[in-house]
Amino acid sequence: MHLTFVQALELCGTIAFAVSGATAAINKSYDLIGLLSLSFITAIGGGTIRDLLIGATPVAWMTNELSNSAILIAAIIAALFFSYIKKLVRLLSTFDAIGLGMFTITGINKGMAVGLPLPICVALGVITGTFGGLLRDVICGEQPILFTREIYAAASIAGGTLYLLTGHYTGLSGDVAQSISIAVIVAIRLFSLHFNWQLPRLRG
Amino acid sequence: MHLTFVQALELCGTIAFAVSGATAAINKSYDLIGLLSLSFITAIGGGTIRDLLIGATPVAWMTNELSNSAILIAAIIAALFFSYIKKLVRLLSTFDAIGLGMFTITGINKGMAVGLPLPICVALGVITGTFGGLLRDVICGEQPILFTREIYAAASIAGGTLYLLTGHYTGLSGDVAQSISIAVIVAIRLFSLHFNWQLPRLRG
Amino acid sequence: MHLTFVQALELCGTIAFAVSGATAAINKSYDLIGLLSLSFITAIGGGTIRDLLIGATPVAWMTNELSNSAILIAAIIAALFFSYIKKLVRLLSTFDAIGLGMFTITGINKGMAVGLPLPICVALGVITGTFGGLLRDVICGEQPILFTREIYAAASIAGGTLYLLTGHYTGLSGDVAQSISIAVIVAIRLFSLHFNWQLPRLRG
(Lines of atoms letter the chains of each structure in order from A and count residues from 1; the text may use other names and numbers.)
(Lines give C-alpha, C1' and ligand atoms only; values in the text may rest on other atoms or scores of the structure.)
Protein backbone atom coordinates (compact mmCIF):
# COMPACT_ATOMS: atom_id res chain seq x y z
CA MET A 1 0.00 0.00 0.00
CA HIS A 2 1.34 3.37 -1.01
CA LEU A 3 0.35 6.20 1.27
CA THR A 4 0.41 9.78 -0.02
CA PHE A 5 1.51 12.59 2.24
CA VAL A 6 -2.04 13.91 2.46
CA GLN A 7 -3.38 10.49 3.44
CA ALA A 8 -0.66 10.18 6.07
CA LEU A 9 -1.64 13.53 7.59
CA GLU A 10 -5.32 12.57 7.62
CA LEU A 11 -4.40 9.30 9.26
CA CYS A 12 -2.48 11.12 12.00
CA GLY A 13 -5.58 13.21 12.69
CA THR A 14 -7.91 10.23 12.64
CA ILE A 15 -5.68 8.35 15.08
CA ALA A 16 -5.51 11.32 17.45
CA PHE A 17 -9.30 11.71 17.39
CA ALA A 18 -9.78 7.98 17.98
CA VAL A 19 -7.34 8.04 20.91
CA SER A 20 -9.22 10.97 22.40
CA GLY A 21 -12.44 8.93 22.19
CA ALA A 22 -10.69 5.91 23.66
CA THR A 23 -9.30 8.04 26.50
CA ALA A 24 -12.79 9.31 27.34
CA ALA A 25 -14.11 5.72 27.32
CA ILE A 26 -11.32 4.57 29.62
CA ASN A 27 -11.87 7.51 31.98
CA LYS A 28 -15.54 6.55 32.18
CA SER A 29 -14.68 2.84 32.73
CA TYR A 30 -16.68 1.81 29.68
CA ASP A 31 -16.28 -1.73 28.34
CA LEU A 32 -14.87 -2.85 24.97
CA ILE A 33 -18.06 -1.86 23.13
CA GLY A 34 -17.91 1.60 24.69
CA LEU A 35 -14.24 1.89 23.79
CA LEU A 36 -14.76 1.07 20.13
CA SER A 37 -17.99 3.04 19.76
CA LEU A 38 -16.61 6.18 21.33
CA SER A 39 -13.35 5.98 19.37
CA PHE A 40 -15.26 5.67 16.12
CA ILE A 41 -17.83 8.33 16.98
CA THR A 42 -15.11 10.82 17.95
CA ALA A 43 -13.02 10.11 14.85
CA ILE A 44 -15.80 10.03 12.25
CA GLY A 45 -18.62 11.95 13.94
CA GLY A 46 -17.77 15.33 12.44
CA GLY A 47 -17.44 14.03 8.91
CA THR A 48 -20.63 12.00 9.33
CA ILE A 49 -22.68 15.02 10.40
CA ARG A 50 -21.22 16.96 7.46
CA ASP A 51 -22.13 14.22 4.99
CA LEU A 52 -25.65 13.93 6.40
CA LEU A 53 -26.22 17.70 6.18
CA ILE A 54 -25.23 17.84 2.51
CA GLY A 55 -26.81 14.48 1.63
CA ALA A 56 -23.58 12.68 0.73
CA THR A 57 -24.69 9.14 1.55
CA PRO A 58 -23.67 6.44 2.28
CA VAL A 59 -21.51 8.63 4.53
CA ALA A 60 -17.79 8.66 3.79
CA TRP A 61 -16.43 6.56 6.66
CA MET A 62 -18.40 3.52 5.56
CA THR A 63 -16.13 2.96 2.62
CA ASN A 64 -12.87 4.23 4.10
CA GLU A 65 -11.21 0.96 5.05
CA LEU A 66 -7.85 2.50 5.87
CA SER A 67 -9.36 4.99 8.30
CA ASN A 68 -11.59 2.37 9.93
CA SER A 69 -8.66 0.00 10.45
CA ALA A 70 -6.60 2.81 11.95
CA ILE A 71 -9.38 3.74 14.39
CA LEU A 72 -9.84 0.12 15.44
CA ILE A 73 -6.13 -0.41 16.03
CA ALA A 74 -5.65 2.96 17.73
CA ALA A 75 -8.52 2.29 20.14
CA ILE A 76 -7.21 -1.12 21.13
CA ILE A 77 -3.62 0.08 21.51
CA ALA A 78 -4.83 3.02 23.58
CA ALA A 79 -6.68 0.66 25.91
CA LEU A 80 -3.85 -1.87 26.20
CA PHE A 81 -1.09 0.68 26.76
CA PHE A 82 -3.07 3.49 28.35
CA SER A 83 -0.54 4.37 31.04
CA TYR A 84 2.04 4.81 28.29
CA ILE A 85 -0.23 6.47 25.71
CA LYS A 86 -1.48 9.15 28.06
CA LYS A 87 2.09 10.39 28.49
CA LEU A 88 2.32 11.20 24.76
CA VAL A 89 0.46 14.46 25.33
CA ARG A 90 2.57 16.52 23.01
CA LEU A 91 2.53 14.03 20.13
CA LEU A 92 -1.22 13.51 20.43
CA SER A 93 -1.87 17.26 20.61
CA THR A 94 0.12 17.73 17.44
CA PHE A 95 -1.69 14.92 15.66
CA ASP A 96 -4.99 16.31 16.92
CA ALA A 97 -4.13 19.77 15.56
CA ILE A 98 -3.21 18.23 12.21
CA GLY A 99 -6.57 16.43 12.20
CA LEU A 100 -8.37 19.69 12.97
CA GLY A 101 -6.62 21.35 10.04
CA MET A 102 -7.11 18.52 7.56
CA PHE A 103 -10.77 17.92 8.46
CA THR A 104 -11.57 21.64 8.30
CA ILE A 105 -10.26 21.89 4.75
CA THR A 106 -11.96 18.63 3.69
CA GLY A 107 -15.27 19.97 5.01
CA ILE A 108 -14.87 23.27 3.20
CA ASN A 109 -14.00 21.54 -0.06
CA LYS A 110 -17.06 19.29 0.19
CA GLY A 111 -19.25 22.32 0.89
CA MET A 112 -17.87 24.16 -2.16
CA ALA A 113 -18.34 21.04 -4.31
CA VAL A 114 -22.09 21.16 -3.64
CA GLY A 115 -22.22 24.91 -4.24
CA LEU A 116 -22.95 26.13 -0.72
CA PRO A 117 -22.36 29.80 0.24
CA LEU A 118 -18.82 30.41 1.47
CA PRO A 119 -19.63 31.16 5.15
CA ILE A 120 -21.60 27.91 5.25
CA CYS A 121 -18.58 26.10 3.79
CA VAL A 122 -16.50 27.40 6.69
CA ALA A 123 -19.20 26.22 9.11
CA LEU A 124 -19.10 22.83 7.42
CA GLY A 125 -15.33 22.74 7.87
CA VAL A 126 -15.66 23.56 11.56
CA ILE A 127 -18.38 20.91 11.98
CA THR A 128 -16.14 18.34 10.27
CA GLY A 129 -13.22 19.18 12.51
CA THR A 130 -14.97 19.55 15.84
CA PHE A 131 -18.37 17.85 16.14
CA GLY A 132 -16.89 14.39 16.68
CA GLY A 133 -15.49 15.70 19.95
CA LEU A 134 -18.83 17.33 20.73
CA LEU A 135 -20.62 14.00 20.29
CA ARG A 136 -17.98 12.31 22.50
CA ASP A 137 -18.60 14.77 25.32
CA VAL A 138 -22.39 14.72 25.05
CA ILE A 139 -22.49 10.90 25.06
CA CYS A 140 -20.15 10.79 28.07
CA GLY A 141 -22.28 13.34 29.93
CA GLU A 142 -19.48 15.90 30.09
CA GLN A 143 -19.77 19.60 29.35
CA PRO A 144 -18.46 20.06 25.77
CA ILE A 145 -14.79 21.02 25.74
CA LEU A 146 -15.56 22.63 22.39
CA PHE A 147 -17.76 25.24 24.07
CA THR A 148 -15.80 25.88 27.22
CA ARG A 149 -12.09 25.59 26.80
CA GLU A 150 -9.21 26.41 24.57
CA ILE A 151 -8.85 27.80 21.09
CA TYR A 152 -10.15 24.92 19.02
CA ALA A 153 -13.08 25.80 16.77
CA ALA A 154 -11.62 29.32 16.62
CA ALA A 155 -8.45 27.97 15.00
CA SER A 156 -10.58 26.09 12.51
CA ILE A 157 -12.63 29.21 11.66
CA ALA A 158 -9.48 31.32 11.24
CA GLY A 159 -7.74 28.83 8.97
CA GLY A 160 -10.88 28.05 7.03
CA THR A 161 -11.60 31.71 6.37
CA LEU A 162 -7.98 32.24 5.31
CA TYR A 163 -8.33 29.33 2.90
CA LEU A 164 -11.33 30.90 1.19
CA LEU A 165 -9.74 34.37 1.11
CA THR A 166 -6.45 33.16 -0.39
CA GLY A 167 -8.38 31.11 -2.92
CA HIS A 168 -10.45 34.13 -3.88
CA TYR A 169 -7.98 37.01 -3.79
CA THR A 170 -4.65 35.46 -4.74
CA GLY A 171 -3.44 33.37 -7.60
CA LEU A 172 -2.35 30.60 -5.26
CA SER A 173 -3.17 27.09 -6.42
CA GLY A 174 -5.60 25.05 -4.31
CA ASP A 175 -2.83 22.84 -2.97
CA VAL A 176 -0.74 25.77 -1.77
CA ALA A 177 -3.74 27.57 -0.24
CA GLN A 178 -4.74 24.38 1.55
CA SER A 179 -1.25 23.75 2.91
CA ILE A 180 -0.96 27.29 4.24
CA SER A 181 -4.36 27.15 5.87
CA ILE A 182 -3.72 23.79 7.52
CA ALA A 183 -0.38 25.07 8.79
CA VAL A 184 -2.13 28.15 10.22
CA ILE A 185 -4.74 26.03 11.98
CA VAL A 186 -2.06 23.75 13.43
CA ALA A 187 0.03 26.75 14.50
CA ILE A 188 -2.86 28.60 16.18
CA ARG A 189 -3.95 25.43 17.93
CA LEU A 190 -0.49 24.49 19.20
CA PHE A 191 0.43 28.07 20.21
CA SER A 192 -2.86 28.36 22.09
CA LEU A 193 -2.07 25.15 23.95
CA HIS A 194 1.48 26.24 24.69
CA PHE A 195 0.52 29.70 25.95
CA ASN A 196 -2.76 28.50 27.45
CA TRP A 197 -4.87 30.90 25.37
CA GLN A 198 -8.58 30.65 25.93
CA LEU A 199 -11.63 32.47 24.64
CA PRO A 200 -13.30 34.48 27.40
CA ARG A 201 -16.19 32.70 29.07
CA LEU A 202 -19.59 34.35 29.03
CA ARG A 203 -21.14 35.58 32.22
CA GLY A 204 -24.84 36.05 32.88
CA MET B 1 -34.97 43.82 0.95
CA HIS B 2 -38.70 43.38 1.11
CA LEU B 3 -39.90 41.16 3.93
CA THR B 4 -43.29 39.45 3.67
CA PHE B 5 -45.48 39.09 6.74
CA VAL B 6 -44.84 35.34 6.82
CA GLN B 7 -41.08 35.86 6.65
CA ALA B 8 -41.31 38.42 9.44
CA LEU B 9 -43.17 35.94 11.66
CA GLU B 10 -40.64 33.20 10.92
CA LEU B 11 -37.87 35.62 11.76
CA CYS B 12 -39.46 36.43 15.13
CA GLY B 13 -39.54 32.72 15.92
CA THR B 14 -35.99 32.13 14.75
CA ILE B 15 -34.73 35.01 16.87
CA ALA B 16 -36.57 33.74 19.96
CA PHE B 17 -35.15 30.25 19.49
CA ALA B 18 -31.63 31.65 18.99
CA VAL B 19 -31.94 33.78 22.14
CA SER B 20 -33.06 30.72 24.09
CA GLY B 21 -29.91 28.90 22.90
CA ALA B 22 -27.77 31.93 23.74
CA THR B 23 -29.35 32.13 27.20
CA ALA B 24 -28.53 28.47 27.86
CA ALA B 25 -24.93 29.06 26.71
CA ILE B 26 -24.59 32.09 28.98
CA ASN B 27 -26.06 30.21 31.93
CA LYS B 28 -23.48 27.47 31.36
CA SER B 29 -20.65 30.04 31.02
CA TYR B 30 -19.76 28.76 27.57
CA ASP B 31 -17.42 30.81 25.38
CA LEU B 32 -18.16 32.56 22.07
CA ILE B 33 -18.04 29.27 20.15
CA GLY B 34 -20.52 27.74 22.57
CA LEU B 35 -22.75 30.79 22.28
CA LEU B 36 -22.92 30.69 18.51
CA SER B 37 -23.15 26.91 18.24
CA LEU B 38 -25.95 26.60 20.78
CA SER B 39 -27.88 29.53 19.29
CA PHE B 40 -27.70 27.98 15.85
CA ILE B 41 -28.45 24.44 17.03
CA THR B 42 -31.51 25.62 18.99
CA ALA B 43 -32.81 27.74 16.13
CA ILE B 44 -32.23 25.34 13.24
CA GLY B 45 -32.00 21.95 14.99
CA GLY B 46 -35.65 21.03 14.59
CA GLY B 47 -35.77 21.91 10.91
CA THR B 48 -32.48 20.12 10.33
CA ILE B 49 -33.71 16.87 11.88
CA ARG B 50 -36.90 17.18 9.81
CA ASP B 51 -34.93 17.68 6.58
CA LEU B 52 -32.63 14.76 7.36
CA LEU B 53 -35.55 12.43 8.09
CA ILE B 54 -37.22 13.17 4.75
CA GLY B 55 -33.97 13.42 2.79
CA ALA B 56 -34.25 17.13 1.90
CA THR B 57 -30.54 17.88 1.59
CA PRO B 58 -28.57 20.10 1.71
CA VAL B 59 -30.70 20.94 4.73
CA ALA B 60 -32.70 24.17 4.53
CA TRP B 61 -30.72 26.42 6.90
CA MET B 62 -27.60 26.16 4.77
CA THR B 63 -29.09 28.38 2.12
CA ASN B 64 -31.24 30.62 4.32
CA GLU B 65 -29.01 33.68 4.57
CA LEU B 66 -31.61 35.87 6.24
CA SER B 67 -32.25 33.37 9.01
CA ASN B 68 -28.53 32.71 9.56
CA SER B 69 -27.79 36.43 9.82
CA ALA B 70 -30.64 36.88 12.29
CA ILE B 71 -29.38 34.03 14.48
CA LEU B 72 -25.83 35.40 14.46
CA ILE B 73 -26.96 38.92 15.39
CA ALA B 74 -29.48 37.70 17.96
CA ALA B 75 -26.85 35.55 19.70
CA ILE B 76 -24.34 38.37 19.90
CA ILE B 77 -26.89 40.93 21.09
CA ALA B 78 -28.16 38.45 23.68
CA ALA B 79 -24.64 38.01 25.03
CA LEU B 80 -23.77 41.73 25.02
CA PHE B 81 -27.01 42.91 26.62
CA PHE B 82 -27.94 39.82 28.61
CA SER B 83 -29.04 41.62 31.75
CA TYR B 84 -31.44 43.64 29.59
CA ILE B 85 -32.55 40.83 27.27
CA LYS B 86 -33.47 38.45 30.06
CA LYS B 87 -36.03 40.97 31.30
CA LEU B 88 -37.92 40.72 27.99
CA VAL B 89 -39.60 37.51 29.14
CA ARG B 90 -43.00 38.34 27.77
CA LEU B 91 -41.76 39.49 24.36
CA LEU B 92 -39.49 36.47 23.98
CA SER B 93 -42.25 34.06 25.07
CA THR B 94 -44.52 35.54 22.43
CA PHE B 95 -41.87 35.31 19.74
CA ASP B 96 -41.11 31.76 20.85
CA ALA B 97 -44.80 30.82 20.62
CA ILE B 98 -44.94 32.33 17.13
CA GLY B 99 -41.88 30.28 16.19
CA LEU B 100 -43.51 27.12 17.53
CA GLY B 101 -46.59 27.82 15.43
CA MET B 102 -44.74 28.75 12.23
CA PHE B 103 -42.29 25.85 12.42
CA THR B 104 -45.05 23.33 13.16
CA ILE B 105 -46.93 24.33 10.01
CA THR B 106 -43.74 24.40 7.91
CA GLY B 107 -42.91 20.88 9.05
CA ILE B 108 -46.39 19.60 8.27
CA ASN B 109 -46.33 21.18 4.82
CA LYS B 110 -42.95 19.59 4.05
CA GLY B 111 -44.25 16.22 5.21
CA MET B 112 -47.32 16.50 2.99
CA ALA B 113 -45.16 17.58 0.05
CA VAL B 114 -43.30 14.25 0.19
CA GLY B 115 -46.53 12.32 0.61
CA LEU B 116 -46.17 11.10 4.19
CA PRO B 117 -49.21 9.86 6.16
CA LEU B 118 -51.00 12.68 7.99
CA PRO B 119 -50.17 11.64 11.57
CA ILE B 120 -46.49 11.49 10.54
CA CYS B 121 -46.83 14.99 9.07
CA VAL B 122 -48.03 16.21 12.48
CA ALA B 123 -45.05 14.44 14.10
CA LEU B 124 -42.77 16.17 11.60
CA GLY B 125 -44.35 19.51 12.52
CA VAL B 126 -43.76 18.86 16.21
CA ILE B 127 -40.16 17.79 15.53
CA THR B 128 -39.58 20.97 13.53
CA GLY B 129 -40.97 23.14 16.30
CA THR B 130 -39.47 21.46 19.33
CA PHE B 131 -36.36 19.32 18.69
CA GLY B 132 -34.01 22.32 18.49
CA GLY B 133 -34.79 22.93 22.15
CA LEU B 134 -34.35 19.23 22.87
CA LEU B 135 -30.87 19.28 21.31
CA ARG B 136 -30.05 22.42 23.34
CA ASP B 137 -30.96 20.73 26.61
CA VAL B 138 -29.22 17.44 25.82
CA ILE B 139 -26.00 19.21 24.79
CA CYS B 140 -26.10 21.34 27.96
CA GLY B 141 -26.66 18.26 30.11
CA GLU B 142 -30.05 19.46 31.34
CA GLN B 143 -33.23 17.41 31.57
CA PRO B 144 -35.28 18.29 28.46
CA ILE B 145 -37.82 21.03 29.18
CA LEU B 146 -39.81 19.54 26.31
CA PHE B 147 -40.42 16.36 28.31
CA THR B 148 -40.93 17.77 31.76
CA ARG B 149 -42.57 21.16 31.78
CA GLU B 150 -45.26 23.24 30.27
CA ILE B 151 -47.64 22.86 27.36
CA TYR B 152 -45.24 23.10 24.44
CA ALA B 153 -45.28 20.08 22.13
CA ALA B 154 -48.93 19.64 23.13
CA ALA B 155 -49.78 23.06 21.65
CA SER B 156 -47.95 22.08 18.48
CA ILE B 157 -49.84 18.77 18.23
CA ALA B 158 -53.20 20.47 18.83
CA GLY B 159 -52.62 23.19 16.24
CA GLY B 160 -51.08 20.80 13.74
CA THR B 161 -53.99 18.40 13.99
CA LEU B 162 -56.43 21.28 13.62
CA TYR B 163 -54.58 22.38 10.49
CA LEU B 164 -55.00 18.97 8.87
CA LEU B 165 -58.63 18.67 9.94
CA THR B 166 -59.63 22.11 8.64
CA GLY B 167 -57.76 21.42 5.42
CA HIS B 168 -59.61 18.12 5.02
CA TYR B 169 -63.12 18.86 6.20
CA THR B 170 -63.66 22.51 5.33
CA GLY B 171 -63.36 24.55 2.20
CA LEU B 172 -60.86 26.88 3.86
CA SER B 173 -57.90 27.84 1.71
CA GLY B 174 -54.45 26.74 2.85
CA ASP B 175 -53.51 30.26 3.91
CA VAL B 176 -56.55 30.68 6.13
CA ALA B 177 -56.19 27.21 7.66
CA GLN B 178 -52.53 27.91 8.39
CA SER B 179 -53.24 31.26 9.98
CA ILE B 180 -55.93 29.81 12.23
CA SER B 181 -53.72 26.92 13.29
CA ILE B 182 -50.75 29.14 14.05
CA ALA B 183 -52.99 31.44 16.08
CA VAL B 184 -54.30 28.44 18.02
CA ILE B 185 -50.78 27.21 18.78
CA VAL B 186 -49.70 30.68 19.92
CA ALA B 187 -52.84 31.06 22.02
CA ILE B 188 -52.54 27.64 23.71
CA ARG B 189 -48.88 28.26 24.39
CA LEU B 190 -49.34 31.75 25.84
CA PHE B 191 -52.44 30.82 27.87
CA SER B 192 -50.57 27.82 29.29
CA LEU B 193 -47.70 30.08 30.33
CA HIS B 194 -50.05 32.67 31.80
CA PHE B 195 -52.10 30.17 33.79
CA ASN B 196 -49.13 27.89 34.44
CA TRP B 197 -50.77 24.86 32.83
CA GLN B 198 -48.67 21.75 32.79
CA LEU B 199 -49.15 18.19 31.62
CA PRO B 200 -49.22 15.79 34.57
CA ARG B 201 -45.88 14.14 35.29
CA LEU B 202 -45.67 10.36 35.23
CA ARG B 203 -45.05 8.42 38.39
CA GLY B 204 -43.53 4.97 38.63
CA MET C 1 -54.82 -7.97 8.93
CA HIS C 2 -52.65 -11.03 8.43
CA LEU C 3 -49.37 -10.96 10.36
CA THR C 4 -46.47 -13.10 9.18
CA PHE C 5 -44.21 -14.79 11.71
CA VAL C 6 -41.36 -12.41 10.86
CA GLN C 7 -43.60 -9.37 11.36
CA ALA C 8 -44.79 -10.78 14.68
CA LEU C 9 -41.20 -11.19 15.88
CA GLU C 10 -40.31 -7.65 14.78
CA LEU C 11 -43.37 -6.39 16.59
CA CYS C 12 -42.29 -8.14 19.81
CA GLY C 13 -38.92 -6.39 19.57
CA THR C 14 -40.45 -3.02 18.78
CA ILE C 15 -42.80 -3.31 21.74
CA ALA C 16 -39.97 -4.26 24.09
CA PHE C 17 -37.86 -1.32 22.90
CA ALA C 18 -40.82 1.05 23.29
CA VAL C 19 -41.50 -0.22 26.81
CA SER C 20 -37.85 0.32 27.70
CA GLY C 21 -38.16 3.93 26.52
CA ALA C 22 -41.43 4.34 28.41
CA THR C 23 -39.82 2.91 31.54
CA ALA C 24 -36.97 5.42 31.31
CA ALA C 25 -39.49 8.26 30.86
CA ILE C 26 -41.49 7.10 33.88
CA ASN C 27 -38.36 6.76 36.01
CA LYS C 28 -37.46 10.34 35.08
CA SER C 29 -41.01 11.56 35.83
CA TYR C 30 -41.40 12.93 32.31
CA ASP C 31 -44.85 13.95 31.09
CA LEU C 32 -46.95 12.42 28.31
CA ILE C 33 -44.85 14.10 25.60
CA GLY C 34 -41.68 12.71 27.17
CA LEU C 35 -43.26 9.27 27.42
CA LEU C 36 -44.23 9.13 23.75
CA SER C 37 -41.05 10.76 22.46
CA LEU C 38 -38.74 8.49 24.42
CA SER C 39 -40.70 5.37 23.52
CA PHE C 40 -40.53 6.23 19.84
CA ILE C 41 -36.88 7.31 19.94
CA THR C 42 -35.85 4.09 21.70
CA ALA C 43 -37.85 1.88 19.35
CA ILE C 44 -37.00 3.54 16.04
CA GLY C 45 -33.76 5.40 16.83
CA GLY C 46 -31.40 2.66 15.71
CA GLY C 47 -33.18 2.09 12.42
CA THR C 48 -33.41 5.83 11.84
CA ILE C 49 -29.66 6.35 12.27
CA ARG C 50 -29.04 3.39 9.94
CA ASP C 51 -31.35 4.83 7.27
CA LEU C 52 -29.76 8.28 7.55
CA LEU C 53 -26.24 6.86 7.22
CA ILE C 54 -27.08 4.99 4.01
CA GLY C 55 -29.38 7.71 2.65
CA ALA C 56 -32.60 5.65 2.74
CA THR C 57 -35.05 8.52 3.16
CA PRO C 58 -37.78 9.17 4.12
CA VAL C 59 -36.59 6.92 6.95
CA ALA C 60 -38.40 3.61 7.36
CA TRP C 61 -40.47 4.26 10.48
CA MET C 62 -42.37 7.10 8.79
CA THR C 63 -44.32 4.69 6.65
CA ASN C 64 -44.53 1.75 9.06
CA GLU C 65 -48.04 2.21 10.41
CA LEU C 66 -48.15 -1.12 12.22
CA SER C 67 -44.94 -0.42 14.13
CA ASN C 68 -45.97 3.15 15.00
CA SER C 69 -49.34 2.00 16.32
CA ALA C 70 -47.63 -0.70 18.41
CA ILE C 71 -45.19 1.83 19.91
CA LEU C 72 -47.99 4.25 20.74
CA ILE C 73 -50.12 1.58 22.41
CA ALA C 74 -47.16 -0.01 24.21
CA ALA C 75 -46.07 3.36 25.64
CA ILE C 76 -49.54 4.18 26.94
CA ILE C 77 -50.12 0.71 28.39
CA ALA C 78 -46.69 0.84 30.03
CA ALA C 79 -47.59 4.15 31.68
CA LEU C 80 -51.08 3.09 32.76
CA PHE C 81 -50.07 -0.28 34.17
CA PHE C 82 -46.47 0.41 35.14
CA SER C 83 -46.52 -1.38 38.46
CA TYR C 84 -47.71 -4.49 36.62
CA ILE C 85 -45.55 -4.10 33.50
CA LYS C 86 -42.31 -3.73 35.40
CA LYS C 87 -42.84 -7.19 36.90
CA LEU C 88 -42.74 -8.76 33.43
CA VAL C 89 -38.95 -8.65 33.45
CA ARG C 90 -38.45 -12.03 31.89
CA LEU C 91 -40.99 -11.55 29.11
CA LEU C 92 -39.65 -8.09 28.25
CA SER C 93 -36.05 -9.33 28.29
CA THR C 94 -37.00 -12.07 25.85
CA PHE C 95 -38.86 -9.66 23.57
CA ASP C 96 -35.93 -7.26 23.80
CA ALA C 97 -33.49 -10.03 22.82
CA ILE C 98 -35.72 -10.93 19.88
CA GLY C 99 -35.72 -7.25 18.84
CA LEU C 100 -31.94 -7.14 19.07
CA GLY C 101 -31.70 -10.18 16.82
CA MET C 102 -34.29 -9.06 14.28
CA PHE C 103 -32.97 -5.51 14.02
CA THR C 104 -29.37 -6.69 13.68
CA ILE C 105 -30.25 -8.85 10.69
CA THR C 106 -32.44 -6.12 9.14
CA GLY C 107 -29.55 -3.67 9.41
CA ILE C 108 -27.09 -6.10 7.84
CA ASN C 109 -29.46 -6.84 4.97
CA LYS C 110 -29.96 -3.13 4.28
CA GLY C 111 -26.19 -2.61 4.31
CA MET C 112 -25.65 -5.44 1.85
CA ALA C 113 -28.44 -4.13 -0.38
CA VAL C 114 -26.50 -0.88 -0.88
CA GLY C 115 -23.24 -2.77 -1.44
CA LEU C 116 -21.35 -1.81 1.72
CA PRO C 117 -18.29 -3.83 2.85
CA LEU C 118 -19.26 -6.76 5.10
CA PRO C 119 -17.73 -5.47 8.36
CA ILE C 120 -19.63 -2.21 7.84
CA CYS C 121 -22.81 -4.23 7.32
CA VAL C 122 -22.24 -5.82 10.73
CA ALA C 123 -21.69 -2.36 12.22
CA LEU C 124 -24.93 -1.23 10.60
CA GLY C 125 -26.71 -4.21 12.14
CA VAL C 126 -25.33 -3.35 15.58
CA ILE C 127 -26.33 0.32 15.13
CA THR C 128 -29.84 -0.75 14.15
CA GLY C 129 -30.17 -2.99 17.17
CA THR C 130 -28.56 -0.83 19.82
CA PHE C 131 -28.43 2.92 19.07
CA GLY C 132 -32.07 3.50 19.99
CA GLY C 133 -31.13 2.58 23.54
CA LEU C 134 -28.04 4.77 23.31
CA LEU C 135 -30.18 7.77 22.31
CA ARG C 136 -32.58 6.98 25.18
CA ASP C 137 -29.75 7.04 27.73
CA VAL C 138 -28.07 10.17 26.33
CA ILE C 139 -31.36 12.10 26.26
CA CYS C 140 -32.12 11.01 29.84
CA GLY C 141 -28.67 12.06 31.00
CA GLU C 142 -27.71 8.52 32.03
CA GLN C 143 -24.45 6.74 31.29
CA PRO C 144 -25.14 4.50 28.27
CA ILE C 145 -26.02 0.95 29.36
CA LEU C 146 -24.72 -0.10 25.95
CA PHE C 147 -21.19 0.93 26.92
CA THR C 148 -21.09 -0.17 30.51
CA ARG C 149 -23.15 -3.23 31.21
CA GLU C 150 -24.08 -6.62 29.97
CA ILE C 151 -23.53 -8.54 26.77
CA TYR C 152 -25.71 -6.60 24.37
CA ALA C 153 -23.87 -5.21 21.36
CA ALA C 154 -21.50 -8.17 21.70
CA ALA C 155 -24.39 -10.59 21.08
CA SER C 156 -25.37 -8.54 18.04
CA ILE C 157 -21.81 -8.59 16.67
CA ALA C 158 -21.48 -12.35 17.23
CA GLY C 159 -24.79 -13.19 15.56
CA GLY C 160 -24.26 -10.71 12.75
CA THR C 161 -20.82 -12.09 11.95
CA LEU C 162 -22.20 -15.64 12.03
CA TYR C 163 -24.90 -14.58 9.58
CA LEU C 164 -22.36 -13.31 7.07
CA LEU C 165 -20.10 -16.34 7.52
CA THR C 166 -22.89 -18.88 7.05
CA GLY C 167 -24.15 -16.95 4.06
CA HIS C 168 -20.66 -16.94 2.54
CA TYR C 169 -19.30 -20.38 3.40
CA THR C 170 -22.32 -22.63 3.46
CA GLY C 171 -25.11 -23.41 1.08
CA LEU C 172 -27.73 -22.34 3.59
CA SER C 173 -30.55 -20.23 2.22
CA GLY C 174 -30.91 -16.67 3.47
CA ASP C 175 -33.95 -17.54 5.56
CA VAL C 176 -32.21 -20.38 7.37
CA ALA C 177 -29.03 -18.36 7.95
CA GLN C 178 -31.11 -15.50 9.32
CA SER C 179 -33.10 -17.72 11.65
CA ILE C 180 -29.95 -19.36 13.04
CA SER C 181 -28.26 -15.98 13.58
CA ILE C 182 -31.27 -14.46 15.31
CA ALA C 183 -31.54 -17.54 17.55
CA VAL C 184 -27.85 -17.21 18.41
CA ILE C 185 -28.23 -13.51 19.30
CA VAL C 186 -31.28 -14.25 21.46
CA ALA C 187 -29.50 -17.16 23.13
CA ILE C 188 -26.30 -15.21 23.89
CA ARG C 189 -28.32 -12.29 25.21
CA LEU C 190 -30.58 -14.38 27.44
CA PHE C 191 -27.76 -16.61 28.71
CA SER C 192 -25.70 -13.51 29.52
CA LEU C 193 -28.61 -12.11 31.52
CA HIS C 194 -29.24 -15.40 33.30
CA PHE C 195 -25.60 -15.96 34.24
CA ASN C 196 -24.89 -12.24 34.68
CA TRP C 197 -22.09 -12.22 32.11
CA GLN C 198 -20.48 -8.84 31.53
CA LEU C 199 -17.67 -7.54 29.39
CA PRO C 200 -14.75 -6.40 31.54
CA ARG C 201 -14.71 -2.66 32.25
CA LEU C 202 -11.69 -0.65 31.20
CA ARG C 203 -9.43 0.85 33.78
CA GLY C 204 -7.17 3.85 33.30
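A Cβ is built for glycine as well, from the same backbone N, Cα and C atoms used for every other residue.
Under the heading transmembrane segment, TrEMBL lists A:6-26, A:33-54, A:66-84, A:114-139, A:151-170, A:176-197. Summarising the annotation, TrEMBL assigns domain 'Glycine transporter' to A:8-81, A:94-166.
In terms of DSSP helix, strand and coil, the domain 'Glycine transporter' (A:94-166) has 61 helix, 0 strand, 12 coil. Recorded stretches compared: A:6-26, A:33-54, A:66-84, A:151-170, A:176-197; the one with the most Cβ pairs under 8 Å to the transmembrane segment (A:114-139) is A:33-54.
Highlighted: of the candidate stretches A:6-26, A:33-54, A:66-84, A:151-170, A:151-170 has the greatest count of Cβ pairs under 8 Å to the transmembrane segment (A:176-197). Counting same-chain residues at least six beyond the ends of the transmembrane segment (A:66-84), those with a Cβ under 8 angstroms from any Cβ of the stretch are 1, 7, 10-11, 14-15, 18-19, 21-23, 25-26, 32, 35-36, 39-40, 43-44.
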